[in-house]
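Novice: Here's the feature list from Swiss-Prot:
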ACT_SITE  E103  active site, proton acceptor
BINDING   T28, G29, S30, T31, D81, G82, A83, D84, K94, G95, G96, G97, K121  substrate binding site
Amino acid sequence: MTQDELKRKVAEAALDYVKDVTILGVGTGSTVNHFIDLLADLKGGIEGAVSSSQASSERLKKIGIPVLDLNAAGTLDVYVDGADEVNAAKQMIKGGGAALTREKIVAEASRKFVCIVDETKCVDVLGKFPLPVEVIPMARSLVARRLVELGGTPVWRENCITDNGNVILDVHNLTITDPVELERRINDIPGVVCNGVFALRPADVVLIGSPSGVRTLP
């Protein structure tokens, strides 16, 4: 079974969490793209979705699901999104698709966060995947210096502008033993908009696709 087939299988499993939901949150990425495509069969009961990126918004519109403003939608019942890494505590690194800030906002606005991943994303310790940090452009060099002081090796993701008009620094060589503390420390750096550690608001449910089937992280 290919990695793409695993992603589709775990996306199918997530449908069970949205069958009775009228307005849901939808994330960004290749696994979520499968989930959005599968929503086409359920869209009769879905009144709208709050999306974390322009790319997901366009995909939702193509299957006829209205995209809503979070300010109007209020609290969401369920948010479905993928992750670049996830640990046993359901804490994640996200932001490989540069949508981390909006993903974190929609996750915070949701009662239940369902994370869908294939088994390659499961890790014991976060940090092998470079940690994305969204930064206001004028602060890029300042933030990079502060990230070096934290032990990381930041690399500017050139030719990438977020939906919010900011830039991304991908921080390599971090071993994240205390995700909550690191999330707070990076957020405290002036110029940082958001970082891709999702520990203060971890997932509530993690669905993992593998060749033997889909399992739920206990």
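Keep in mind that glycine also has a Cβ here, set from the backbone N, Cα and C atoms.
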Novice: Between A83 (substrate binding site) and E103 (active site, proton acceptor), what is the CA-CA distance rounded to a whole number of Å?
Specialist: 10
Novice: Please list, in sequence order, every residue of the chain apart from T28, G29, S30, T31, D81, G82, A83, D84, K94, G95, G96, G97, K121 whose Cβ lies within 8 Å of the Cβ centroid of the substrate site.
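Specialist: Close Cβ neighbours, site residues excluded: G27, V32.
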Novice: Roughly how many angstrom lie between the C-alpha atoms of G96 (substrate binding site) and E103 (active site, proton acceptor)?
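Specialist: G96 (substrate binding site) and E103 (active site, proton acceptor) have their Cα atoms 11 Å apart.
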Novice: If one measures from the C-alpha of K94 (substrate binding site) to the C-alpha of E103 (active site, proton acceptor), what distance in angstrom results, rounded to a whole number?
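Specialist: Their Cα atoms are separated by 8 Å.
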Novice: Report, as a single number, how many Cβ atoms besides its own are within 10 Å of the Cβ of K121 (substrate binding site).
Specialist: 20
Novice: Which state, by DSSP, holds T28 (substrate binding site): helix, strand or coil?
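Specialist: Looking at the DSSP assignment, T28 (substrate binding site) belongs to neither helix nor strand, so coil.
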Novice: Neighbour count, 10 Å Cβ-Cβ cut-off, for K94 (substrate binding site): what number do you get?
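Specialist: Summing over all protein chains shown, K94 (substrate binding site) has 29 other Cβ atoms within 10 Å.
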Novice: Measuring CB to CB from T28 (substrate binding site), give everything in the same chain under 8 Å that is also at least six residues away in sequence.
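Specialist: Expected: S51, S52, S53, A55, S56, D81, G82, G97, A99, R102, E103.
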